[in-house]
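J.: Input: one structure, supplied below.
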Amino acid sequence: MSTLRQRKDVKRKDLGQERQIPDSREDHAKRTQTSFQTWWTGIWVVFGAVLGVSLGLLNCTYMATLHENDLWFSNIKEVEREISFRTECGLYYSYYKQMIQASSIEQGLLELIYDNKTESRRTINVLQRMNIYQEVFLSILYRLLPVQEYLEPIYFYIYTVFSLQALYVTSLYATSWFLSDSWLAGALTASWYILNRIDTTRVEFTISLRENWSLPFFALQVASITYYLRPQLKPLQQRAVLLLVFLSTLWFSLTWQFNQFILLVQALGLFVLDCLDLISPDKVARLYVVQLSSLLVVWLLQFCNPMLLGSLAVSFLVSTLLVKRFQAGLKRGGPLSRLARLVLGGLLVLALTFTINFLTKKSLQLRSDEHIYKFVKAKFGLGSTRDFDAKLYLCEEAFGLLPLDTFDRLAGTLVLYPYLCATSVLLAVLLFIALRNLIGSQSEADQHTLGLRPDVAYNLLHTVLFGLLAYSTMRMKYLWTGHMCAFAAYGLCGRELWDICLRTLCCHTPAKLRLIRYAAPVSVLIFLYFKFWPKVTEELSELREFYDPDTVELMTWISSKTPVGAVFAGSMQLLAGIKLCTGRSLTNHPHYEDQALRERTREEKQSSTNRGESVASGRMESDMTGSETSSYHLLYLSKVGSGTLKYLNKAESETCSIISSAVSWYTRSMPGSRLGLCTGRCRQWELTMWSWRTASATSVGTGAAAVYVTSWMWPMGTSWTTLVRMSPTLYRHLIPASAWPSKLTTQPTPSSSSVSSRTRHSMCTSCGRGSLDRWAAAPVPMCKRTRPAP
C-alpha cells in the first residue's frame, strides 16, 4: 500500500508538472509580447522625438532662409544690416554690440549699469530697466567661445534667435503629443505653425524683438505644465518636471517685459480650474510657488526692479497662496454652501490682490506701469481717450482688435475648424463637469463616465483666455496662434473627441476609434502638402535685397558730421537705429516702461507742434497720404558747433512754427547753448549755415549738446525767402536781417528715372509690416529691390 501510495504520489506529481508546462509557456509568451511591446513603444517614442527635433530645425532653417532671401543679409554692408533692426529691435541689439565692443566683460557690464547715452543727462541701469540679459549672456558667450574666426557677431546673434524657434516648434510638438498620445498630432502642429507663419511669428523681420526670445521658453513652460498635470506621475518625475517649469518660467520672465501680464492670465486660469476641482489643489499650489519664485528671482536679477514687485501677478499669486490655506473644497456641504464658498473665495482673492498691489505701489511710489492701465481703460471705454499715453497706444494698429482676415488665413490651412470644434465641445464638457462637481456628491461624480483630464482642462482654459487676449489686442496673437495649432492637432488626433462623436453616432468600437485617429491627421497632412508646397517653394525662390539709401546716408552723415557727444531726440522709430549705427546719445527711445521717459517724450512731442493749433493733425494727414520715399529731418543744437536741418520731399506749410516751437523748447531746456541752422535737400550736401547765441547766458554744464529729429516733411520747391515770409518773426528773432540769404542755391533733384529700375514697395500690412507703430515690424516701409537669382 505504501508503494502504491508512493506511485500515486509520483503520478500526481508528474501530472502537476505536466499542467504547469502550458502555464509557463503562456507566461513566457506574455513576457515576450510585453518585451516586444516595450521595445516597440521605445522605438516609437524615439522616432517621435527625432521627428519633433527635426521639424523644429526645419522651421529654424526656413526662417533663416526667408530672412536671407528677403534682405540678402550676407551681401549688404554692416550699416545696412544694422538698419534692418527696426524700432526697438535696434535698441536691444545696440547693447549686444556695446558689450562686444567693450574692452572687457566687466567694463561692458559697468557701462550698462551706469549708462548715460540711452537717455541724455540721465544715468540709468539698463539691466534694471530693460530685459536685455539675453544680449549680455550672448555677448559673453561670443567672447568666450572660439567662434570669432567663423562667425561675425551679428550672425552669432541672429542664428541664436533662429535656433530658439526650433525650441518653440519642438515644444508645441511636445504639447500636442502629450495631449493626444500621438506624435502625428505633433507633426500636424509643426506643419500648421510653419504654414501659418504670417500669424504665428514675425521673427524673420523682427529678430531681436523680446517676444522672439521669450515665446520659445513660454511654449516649453506650457509643455512642461501639460506633462506635470498628467495623472499617475511618480514623485521623482514630478520634481524633475517642476524644475523644468521653474527654469522655463524664469527664462521667459527674464526676456520679456510683459511677463507679469502673461503669468497673470496663466495664474487666473489655474485659479479657475482649482475652484472647479478640475486640478489637484496641491499641484496648483506648487505651480503658484514656481511662478512666484521665478518672478522674485527676475526681480533680484534686475536690481530690484519695482515694476515686478508692484505687478498684479505677484499680488495675485501671494493672495491665492494666502487664501488657499483657509479655503475649503467644493465637496463640503450642500450646493448652496459650495457656491457661497466659491464666490466668497474668489472675492476675497480679488480684494486681497488689489489691496496688496495698492499698498506696494504706494510704498514704492511706483508709476512706471500706469500707461498700461490707462491704455486698457481707454480701450474698453472706462477711461479718457485724450490721455497722451493712451492715445499713443490706441493709434497703433498692433494694439487694435484682431483683424477678421486673420481667421480667413487660419481657415485656409484647416487649422481653424478642428480648433473651433475641439474648443466648443470641450467647453461644454467642462461646464457640465463644473456643474456636476458643484451640485452632485463625490460618489455620483465617480459614477459618471464623462470626464476631463487635468492637462486637457488646463490647455482648454489656456487657449480660451489667450484667444480672448489676442482678439482684444492684435499684438498678443502670437501668444495664441502657436498654442492654437497644438490644441487643434489634439482635437483631430485625441481620443476624447472622437470617442464622444462615435458614441453619439452609436458606432463606437476600438478599431474604428484607432482608424479615425490616424486617418484624419494623415489626410490633413496630405492636403496641406499638395496645396501649400508649391507656394512654399515659390516663396523660397523669391530673392530680394535690402535697399534703403536714405537711411544709410543719414547714418553716415551723423557718424561723420556730428560730434560724438551729440544728443538726438524725436521719432522713437528712428532713434533706436541712430543709437545702434552711430552710438550717439538719445533723449527718448522706444522702450516706454518708465514714467520719466514718458514725460520727456510728451514734452518733445509738444515741442514739435504748437499747442492749440492744427499742426499735429495736419502732419498726421500728410504722413497718411504716403510718398515714394521716407523722410528724416534734423534740427541739431550744440554748445560748440553748428547744426543742420535735413529734409526730403513733402510737408505741411506749418514747418516754421514747428521749428519755432522746437527751438523755444530747447533754448528753455538748455540756455546758453549755441544753435546753428542750415537747409538742403536729401542728396545735396552743399549747405548754408548761420549761428547765433541765445539771450540767456546761464551755464548748462555737461550734456549741453542736443539734436532734434522728427518726421515732418518740408514742402518741395519752397525757397528760403518764402519761408521767411511765412514766419518773419521767427527769423528776425533768431537771425539778423543782414544775415538773411538772398537765395538758396541747390542742385537739381534727382529724376525719377534714376531710381526707376528699383522695385519699391511697402511691407505686408497683414503681418504688421509697413505699419507706423514702434512695436510692430518696420515703422518706415523698407525699400527693397529685386535681385537676380544666382
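Placement of Cβ uses the backbone N, Cα and C atoms for every residue, glycine included.
Got these off TrEMBL a minute ago, pasting:
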- 1-29: region 'Disordered' (REGION)
- 11-29: compositional bias 'Basic and acidic residues' (COMPBIAS)
- 39-58: transmembrane segment (TRANSMEM)
- 236-254: transmembrane segment (TRANSMEM)
- 307-327: transmembrane segment (TRANSMEM)
- 339-359: transmembrane segment (TRANSMEM)
- 416-435: transmembrane segment (TRANSMEM)
- 456-472: transmembrane segment (TRANSMEM)
- 592-626: region 'Disordered' (REGION)
- 592-606: compositional bias 'Basic and acidic residues' (COMPBIAS)
J.: Counting only residues 6+ away from its ends, which parts of the chain sit with a Cβ under 8 Å from the transmembrane segment (39-58)?
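T.: 165-170, 173-174, 177, 183, 186-187, 190-191, 194.
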J.: Taking residues 6+ outside the transmembrane segment (416-435), which of them lie with a CB under 8 Å of any CB in it?
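T.: Non-local partners: 276, 278, 407, 410, 450-452, 456-457, 460-461, 463-464, 484, 487-492, 494, 496-497, 500.
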J.: DSSP on the compositional bias 'Basic and acidic residues' (592-606): how many residues come out helix, how many strand, how many coil?
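T.: Within the compositional bias 'Basic and acidic residues' (592-606) the tally stands at 12 helix, 0 strand, 3 coil.
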